[in-house]
Every structure is written in C-alpha cells, then in structure tokens.
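For reference, the structure discussed in these notes is given below.
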Amino acid sequence: MQRGTGTCKPRASLKRSKILHMALMGTSDPTGEAETSQEKPFVLRALQIALVVSLYWITSISMVFLNKYLLDSPSLRLDTPIFVTFYQCLVTVLLCKGLSALATCCPGTVDFPALHLDLKVARSVLPLSAVFIGMITFNNLCLKYVGVAFYNVGRSLTTVFNVLLSYLLLKQTTSFYALLTCSVIIGGFWLGVDQEGAEGTLSWTGTLFGVLASLCVSLNAIYTKKVLPAVDGSIWRLTFYNNVNACVLFLPLLLVLGELRALFSFPQLGSAHFWGMMTLGGLFGFAIGYVTGLQIKFTSPLTHNVSGTAKACAQTVLAVLYYEEAKSFLWWTSNMMVLGGSSAYTWVRGREMKKMQEEPHPRESEKSNMEV
C-alpha cells in the first residue's frame, strides 16, 4: 500500500514543475493524462483538440503579422522597436494584475495566482529577466529587418543552441541521430541565407538578431528551470516578475537610444487606431503563453512541437502570398530543411525519452530482486 501511495506525489508534482521542461525537450507526457482523456467521447475530444490547436495557430500567426506591422510598416513609419516591446511588456503586467485581482475578488471565476510585488523575488528573477529582455527584443528586431517569410529560418537555430548549451552548461550529451537532425537545420539555415542574398532581400542585421534571439530562447529555457522555485513554480508569477523587470530595464534604453524623442514627434501619437493596434499586440503577447500551455494540456508536449512546426510552415506560405513574393525552389528547400530537421529532432528526442522511461532504474531492479 505504501508503494502505491508513494507514486502519486511524483505524478502530481510532474504536472506542475516539469511540463515546461517536457515542452522544450519535445518529450511525451508520462503522467497518464492520455488515459483519462480517453474517457471523453472521441468526437468531443477531437473537437476540443481542433479548437485549441486552431486557437494557438491564429494567436501565434496574428501576433507575428501584427508585430511586423508595428515594427516595419510603410504606412506607420514608427522606428521605435524598443518602445513597442516595452509597451507589450506593460500590457502583460497590467493583465496579470487584473486577472489576479479578479481571482481574489471572485474566487472560481478564473484560475490565477495572487500577485504581490516582492522586491526580493524580483531581484532573484533579474538574471532570467535580462535573458528574457534579450529574447523578446532580438525577436522583434529580427522581425523588423527581415520579412515574415524568412522569419522562421532566421530564428531556426534555437534547437542547435539547445544542444550546444545543454552540453556546455549542463554537461548533457546528445545522441548521433539528434546531432544529425541539427546538421540538417544548420544546412537549411545557411541555404536560406544564401537564397535571400541571391534574391537581394538578405538583411545581415536581421539575420544576426535572429541568431541572437535563438541563443536567448535557449538560455531562457535553461534559466527558467533554475528560477521557477523562487516563484513557487508558478509560470504566471514568473511571467509577471519578468515583465515588471523588463519594464524597468527598458526605461533607460528608451532614453539612451532616443526612442522617446522619436515617439513624441510621431504624427500618429494621438491616434486611437495606433494605440489600439499596440494594445492588441500586447494582448497577443500575453495570450500566446496561455494558448501554448492550453495546447500542451489538451494534446502533449510532442504534439505541441509538431503543431508549432506545421504552424511555421503555414505562416511562411501565408507571408509569401500576402506580400506577393516570388521565391525560388532552393529557398523553399531551405525552409523544408529547417522545418523537417526540427520535426525530426522532436521525434528523435521523444523516442529517446520514452525509451529512458521504459527502462527500469538500477535501484528499482535491485529492490525487486531482493524482494523475490
């Protein structure tokens, strides 16, 4: 009986503290939620999954196109990428506080943790916040200088940096087949850069920002696991503190880079349309975190990664059609290499993690032999 009750706690804690890690590493959910989900009718289950995946696709793709409009629209002509990022962080902070207040005043309305700004916690989260700032800033700067069609290729080295940093910082080795998929991603990245140059649309500045964004995404995943205990393992508390720190740290950057002067001279500063689009961008930035978790909950981390890859493919096709661009066969090949390599890496890692879970631990096998 003791052995049966002892296995319940790890399962409960796994759902909360390891779901982010599983999503980043592309592993399947070992908690057995798939078994409970089978109790629902198949049609209802399928409709729920279709709705959640569609919501994730719509939110993610809309956010990219909207940010491109805010960062590099010929009609808007707003050259303040840091301010756009700052405002989106501010909207996220206000939404977090609003949902926290609603959860406190009306229990059961929304499931959201209570948020109170603790300077000690904010300082402990600060190293991660610096990486977080780099991640969202370089993402937006990359999108500003490259087209939406090339955006996924420009930021495609995240998986490669995951493998590299796991070895350098965590001393974790990677299998030959996983390294092989990374080589496909790198090949696709370089072919994409070559084809963008051949078409005369390559921005080395945007490509550099894309590589830096990929590096920061990998660092963010590593440091998130270290900082989560400081916020009691709550992703929403971490989101709140990250964005509060980002708002504070962005202020001197706005002054030094002269973006406040550019903003005050912006002709559409008093336009309701402009502020509505800015606020909508902040809403999408907040919503993407929620729908990502929702997709993982209703499917699995592995399916989430596959869905993200398919979404990137659809986003590229939509961008080419929307901006009426003509791309060469080799350009499309580079995209397929990046997306195919990323999918293959997710599949390889999923199989490896499943194999590790199925293998009995040495201590457990010793105990069973002793009991026999």
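Heads up, the Cβ atoms here are built off N, Cα and C, so glycines get one too.
Listed features, source TrEMBL:
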DOMAIN    48-341  domain 'Sugar phosphate transporter'
TRANSMEM  46-70  transmembrane segment
TRANSMEM  82-104  transmembrane segment
TRANSMEM  124-142  transmembrane segment
TRANSMEM  149-170  transmembrane segment
TRANSMEM  176-193  transmembrane segment
TRANSMEM  205-223  transmembrane segment
TRANSMEM  243-260  transmembrane segment
TRANSMEM  272-292  transmembrane segment
Subject >> Leading contact stretch, 46-70, 82-104, 124-142, 149-170, 272-292 vs the transmembrane segment (243-260) - CB distance under 8 Å >> reply: 82-104
**OP:** Grab the same-chain neighbours of the transmembrane segment (176-193) for me: Cβ-Cβ under 8 Å, and only residues 6 or more beyond its ends, written as numbers and ranges.
**Re:** 150, 153-154, 156-157, 159-160, 163, 202, 207, 330-331, 333-342, 344-345, 348-349, 352
Original post:
Excluding the flanking five residues on each side, which residues at least 6 beyond the ends of the transmembrane segment (272-292) place their CB within less than 8 Å of a CB in that stretch?
Top reply: 23, 52, 55-56, 59-60, 62-63, 66-67, 69-70, 76, 78, 84, 87-92, 95-96, 235, 239, 304
Subject >> Intrachain residues whose Cβ lies under 8 Å of the transmembrane segment (82-104), provided they are six or more past its termini >> reply: 67, 70-71, 110-115, 136-137, 140, 236, 239-240, 243-244, 246-247, 250-251, 253-254, 257, 259-260, 263, 278-279, 281-283, 285-286
Original post:
Which sequence positions outside the transmembrane segment (124-142), separated from its termini by at least 6 residues, show Cβ-Cβ distances below 8 Å to it?
Top reply: 67, 71, 81-82, 84-85, 88-89, 151, 154-155, 206-207, 209-210, 212-213, 216-217, 219-220, 223-224, 226-227, 230-231, 238, 241-242, 245-246, 249-250
Original post:
Looking only at residues six or more beyond either end of the transmembrane segment (149-170), which have a C-beta under 8 A from one in the stretch?
Top reply: 24, 64, 139, 142-143, 178-179, 181-182, 185-186, 188-189, 192-193, 196, 201, 206-207, 209-211, 213-215, 217-219, 221-222, 312, 315-316, 319-320, 323, 325, 327, 334-335, 338-339, 341-342, 345
Subject >> Close approaches to the transmembrane segment (46-70) from elsewhere in its chain (Cβ under 8 angstroms; 6 or more beyond its ends) >> reply: 40, 76, 78, 84, 140, 143-144, 148, 151, 277-278, 280-281, 284-285, 287-288, 291-292, 294-295, 298-299, 307-308, 311, 314-315, 318-319, 322
